[in-house]
Amino acid sequence: MPTELQLGSGDPAAATVDAVVIGVSALDGAPVLAPGAAEIDTAFDGDLAGLLAVAGATGKAEEVVRIPTRGAITAPLLLAVGLGSGEADAAAVRNASGAAARALSGTGHALSTLGRIDLAAAAEGTLLGAYAFTAYRSGDGASAPVGRVDVLPADTDTGAAEALRVATAVATAVTVARDLVNTPPNDLYPESFAQRAADLASAAGVEVEVLDDVALAEGGYGGVTGVGQGSSRKPRLVRLSWSGGSAPRKRVALVGKGITFDTGGISIKPAANMDQMTSDMGGAAAVVATTVLAAQLELPVAVTATVPMAENMPSDTAYRPGDVLRMYGGKTVEVLNTDAEGRLILADAIVRAAQDEPDYLVETSTLTGAQMVALGTRTAGVMGTEELRDRIAGHAQATGEGGWAMPLPAHLRADLDSRVADIANVTAARWGGMLAAGVFLAEFVPEGLPWAHIDIAGPSFHTGGPYGYTAKGGTGVPVRTLWALLTDIAENG
Ligand code: BES
Ligand code: MN
Ligand code: ZN
């Protein structure tokens, strides 16, 4: 059962819940109560900060200190969560709420005062922190996520109910993307992924079109067809369209890489960590979830997702190094490495998406290991036309998902020159691999169309221990960045 989120009201000191969450900031290493905890402080004789200090609290980010209340307040447990030493802003509240939600696993009903600082951030952090992927666990998990959390709004917050509704929808979209990424590749393959995307879309009133392997071959989609031909699980191309209502402000094309498993193909990957290539459809998951979200929240922007799906396998029917593929739209590509498969399926999808003449085209993919070499595991690389690129990088930072603008150096194009075809799929030199992939994609974007490529190889899949509102596995990045961009476009064009 996913955690239920509700708008809280009344005096938190008198709430009949199992636990109350308050925020604590660090000031010169000592804990100070964050705004929102006044009634609780009074119930502890006005010296709750002193009590917390005795209990070892410092207020450092994500620190969780448990105080048995022994009747001082109605709830038996007070959970003090650290906001860090900086300003108690949305990012701090989101992270603290995530840490609190994780610490509350096994609890039935909690109340959070962090919504008094930032309701949307508290709601998102709580839902995402409480997220657990349990579909493949047998027996009842000893660590069931917190059952229900009531989030208190600030007294002055008149739009609280609406803010909670939107934040809940956004966080749920992130969990939809996480679920898709976390579903193992024996169950999530092109056909089943297309079906799940279609089901999610139909339920939200989004138009669906699915091209199967026959339609793809007949339609001239040489990239998706070539990459997908080595697997008995045949490729698909899914198109989801949200109309934007009666008067859409702009038209946005979203494209996401949907490799349901990437072995590397004939240019096979080493065995170590190959299991992580179950996450090679993180871009596809994010654009599917975002498009469905746009429909659910009736965003006045027309959004069309174009999602190529394939499994990259080595076999006697697999495409080979040396093959030349004719992509959708007619350009030819010499395959020098079958492990650079993402850009091949994306080339088809980008050309198809651009045919609709959108105002913006945003593509996202787990495209290169080089992304992690350049920026680490938590910062996406954002490339493309300058204005849109910088706008997206700004949203990536503001949402806390992380992202940084990177260049597309023109000189790299010559490194992609092919002996036989219009372009090769990899460069001989390994330097700037993330940028070279972006330069390859740029070749398939029509002149004059504002576009961006977000490389999420690291940020979309977390392999370390949990932190903030992020658990191991699919993170749902960049759903919130895409959503921030779409709402920005709805408001500002
Ligand atoms: N899916 C991988 C990129 C990747 C690597 C994502 C690690 C997440 C974690 C992609 O298809 C790939 O294999 N890229 C190659 C490109 C190379 C052959 C030019 C890479 O990064 O090694
Ligand atoms: Mn690959
Ligand atoms: Zn891949």
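Keep in mind that glycine also has a Cβ here, set from the backbone N, Cα and C atoms.
Counted within 10 Å of its Cβ, the other Cβ atoms near LYS257 (Mn(2+) 2 binding site) come to 32, all protein chains included. According to TrEMBL, the Mn(2+) 2 binding site annotation covers LYS257, ASP262, ASP280, GLU341.
Less than 8 angstroms from the CB of GLU341 (Mn(2+) 2 binding site) sit VAL227, ILE259, ASP262, GLY265, ALA310, ASN312, each of them six or more residues away in the same chain. Feature annotation from TrEMBL assigns Mn(2+) 1 binding site to ASP262, ASP339, GLU341.
Per TrEMBL, active site is recorded for LYS269 (among others). Following the DSSP three-state reduction, the secondary structure of LYS269 (active site) is coil.
Per TrEMBL, domain 'Cytosol aminopeptidase' is recorded for 337-344. Only residues 6 or more beyond the boundaries of the domain 'Cytosol aminopeptidase' (337-344), in the same chain, are considered here, and those with a CB under 8 A from a CB of the stretch are 223-224, 226-227, 257, 259, 262, 264-269, 280, 310, 312, 314, 318-321, 325, 327, 365-367, 425-426, 437, 440-441.
The annotation active site is assigned in TrEMBL to ARG343 (among others). If you take the C-beta of ARG343 (active site) and look for same-chain residues 6 or more apart in sequence within under 8 angstroms, you find LEU367, ASN425, ALA437, PHE440, LEU441.
Ranked by Cα separation from LYS269 (active site), the binding-site residues LYS257, ASP280, ASP339 are led by ASP339. For ligand 2, the binding-site residues lying close by, meaning a CB under 6 A from one of its atoms, are ASP262, ASP339, GLU341; the full candidate list was ASP262, ASP280, ASP339, GLU341. Distance noted between the C-alpha atoms of ASP339 (Mn(2+) 1 binding site) and ASP280 (Mn(2+) 2 binding site) is 12 Å.
Within 10 Å of the C-beta of LYS269 (active site) there are 17 other C-beta atoms, taking all protein chains into account. Within the same chain, the residues at least 6 positions away from ASP280 (Mn(2+) 2 binding site) whose Cβ sits under 8 Å from its Cβ are LYS257, ILE259, THR260, PHE261, ASP262, ASN312, GLY342, THR366, listed in sequence order. Following the DSSP three-state reduction, the secondary structure of ASP262 (Mn(2+) 2 binding site) is strand. By the rule that a residue counts when its Cβ sits under 6 Å from some atom of ligand 3, the recorded positions ASP262, ASP280, ASP339, ARG343 yield ASP262, ASP280.
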